[in-house]
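Peer 1: Attaching a single structure in structure tokens format; questions to follow.
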């Protein structure tokens, strides 16, 4: 038996009316809805009350009478909507017909002048009698119902500027009036949405930091139905509201409120549809489903209708007929309990209210029920005000202040309850958060680092305050001191790197003022720790470990000798390896071995002796293209590699292929152009687009080679690569860890990237002796048809016009991403990670730096090198991008993830129709000395987890 919400007893008079209606229905008599009858009665009673209040004197200005009456019945938007205030959308009568019924002359040809009439009390009564027959009762009742609902939710407490609060309230009334008059959305539904509409940050009825302004009393307003408060009959209280009604702020915002409300209502209705699908079918609606159901809500259907409709679908009967799909609806109920009662829902309530949601009630109803409960009143209400709301506000503020983020549901609920019950004060809550590991290793560490940088920077004041004669674009920022016109006593040439090193030392609890030999000892110890973590755990060491141990390693209190054994036997490593080497994961590795063995047989490559015994070859004898190799992971041979070590088998095959694999595709017969290297992850949907774009590139057949470096062995990716027939290409594989250890994603990409650089400059036949630049692309970098030609031109410009450039980029390199000048080129202080190319000198600078130890991805590690002077700081590139990043799903960005990262992928890109641009007319922007493509060199960047530190000047 399903528990239902408690119902209140029906009053006896309603019961009597219901019996009468049922009797009439059973007798075949057609009657109107009781609800409609009661509402019409309410509207007429209201009209009678207004008549008694208005028609209580001797003489009345008709404009005052009609303006005040209509605003009372329909809300203020009825006056704002029509400049002439004829209200024809609501009625079939003009104002002159109203006056004529009351015996007052009015010229219908000049109605605005005709309504300028004074009426007596009898004529006033006749006017109201006419209105009773002609008013739109449906619209009036919608206004009464919605304004009554909103009044229950509106706080009578005035916080801050009284006039500003009155403006907000008046705008809310306009919003309700608009919803009543110009939409057909179900009023109970609007009632539930009203509070969220007013609080919606996207709606922003009042912009931040706005003054109310002054009332315009210069004569712009005169007595008229629209401006009835200016009429002589207006009472003193009505006239006093003029200061707010006609304030600059309110009048300006009224012009925007309609469009904002339309957007906000549609957003809220879409949210309701999403809720219904989530709670009933436990999935998101398709765009078409959402649009069709939003349209039904706009036509007056309610939330219960949506739920009933979804319950009637075939999908629901198949998916949820045996038992309710309740996972999401239970979570929604539990969230409301956390929000209102500061606790999780108990099992009985969870079942009851989950059933209620499936009966068609929304969580707004549940929220109201809980706020009427005795538990809520006892826990949260003090003198009519909610201390629970105040406690939640304090917790949210404290999380932002201490941890720099919004609280999770559990933390918000637990700490709010502690505050309400008096177990925590605000300062105690702050102390509690500052004790957390998250603060110590996160926000607190960042705060400490900022303090350190602030202190250290004072010692380099001569450097940061210097002015420059040749390079004024620095404007006091860090530089390599070329062109400086001062004789600083401080070693400014290297001070950013020194500041970084000193900051890292002090963060780890080590005195940064030690002799140079001790600084080198610190760096060596960090290298030992970092390499151990990367090799054995597949990640960088966390800051907490460095803080706790580096000081001990420096003083000899502890030794790094035992760190290897400690990491090797750690539970973290065992869990990592177990997940990668058992069950379906093991089958996946064996599948990769079989794919690679087929590839080696296809191109007649010999199997390495140490793993050959792990395969059964058919037919026997020399390996040819007709041979089939079957991997036997349980095979053993004395003195040879155990075949069950599948990581070792796979990496051995990968290294053999990398050493002996053939150059494929179109063979080069002309003077080669610069090579292109691609580091690709398992994203075939993007990789295919890139290969197709390369096929359309002008002169692509002339490249020395396209080197495709794969992070895995996947048949679909290989098929795409092997389809290349327009240029010479070589496939290589980044070898797996022999123990199959899984690396943290950003680290895995960085290790692949630097391994590829080593292969390009030291091992691969087509590139190891290359004298110029090598281009780099990822599997989601689609290029334009003039990509290669422009790249060659930019390399030339870099060599002759940008000696301080570390590389070239084909992505936009000027100040504005929407610049569409196809021949404009800029030199900028930047590290751009898309469509780049660099030469051996940059590679050597990277290898001689602390690139490997910097705890971040390869691109931010390059930024660190440029910022700290370990490699040149500039790039050269076009104003109009020749490469487009099509990836919307990956390690650093997701389709519904970080909006900032998504926006970074939007910029102007050259179309293939622009391949005839006169590249020999390229010109370097003369203002480019001021170019800084984000982010700026300063503040100091300390890597993932701390980020940028912005010391005050």
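Each Cβ is built from the backbone N, Cα and C atoms, and glycine gets one as well.
A TrEMBL annotation is a machine prediction, not a hand-curated record.
Pulled these features from TrEMBL for this protein:
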{"type": "SIGNAL", "residues": "1-27", "note": "signal peptide"}
{"type": "BINDING", "residues": "780", "note": "Mn(2+) binding site"}
{"type": "DISULFID", "residues": "802-805", "note": "disulfide bond"}
Peer 1: Between residue 805 (disulfide bond) and residue 780 (Mn(2+) binding site), how many Å separate their Cα atoms?
Peer 2: 25
Peer 1: Measure the Cβ-based neighbour count of residue 780 (Mn(2+) binding site), defined as the other Cβ atoms within 10 Å of its Cβ.
Peer 2: 23
Peer 1: What is the separation, in Å, between the Cα atoms of residue 780 (Mn(2+) binding site) and residue 802 (disulfide bond)?
Peer 2: 29
Peer 1: If one looks at the chain holding residue 802 (disulfide bond), which residues at least 6 apart in sequence have a CB under 8 angstroms from its CB?
Peer 2: 827, 874, 876
Peer 1: Applying a 10 Å Cβ distance cut-off over all chains shown, what neighbour count does residue 805 (disulfide bond) have?
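Peer 2: Cβ-Cβ neighbours of residue 805 (disulfide bond) within 10 Å number 22.
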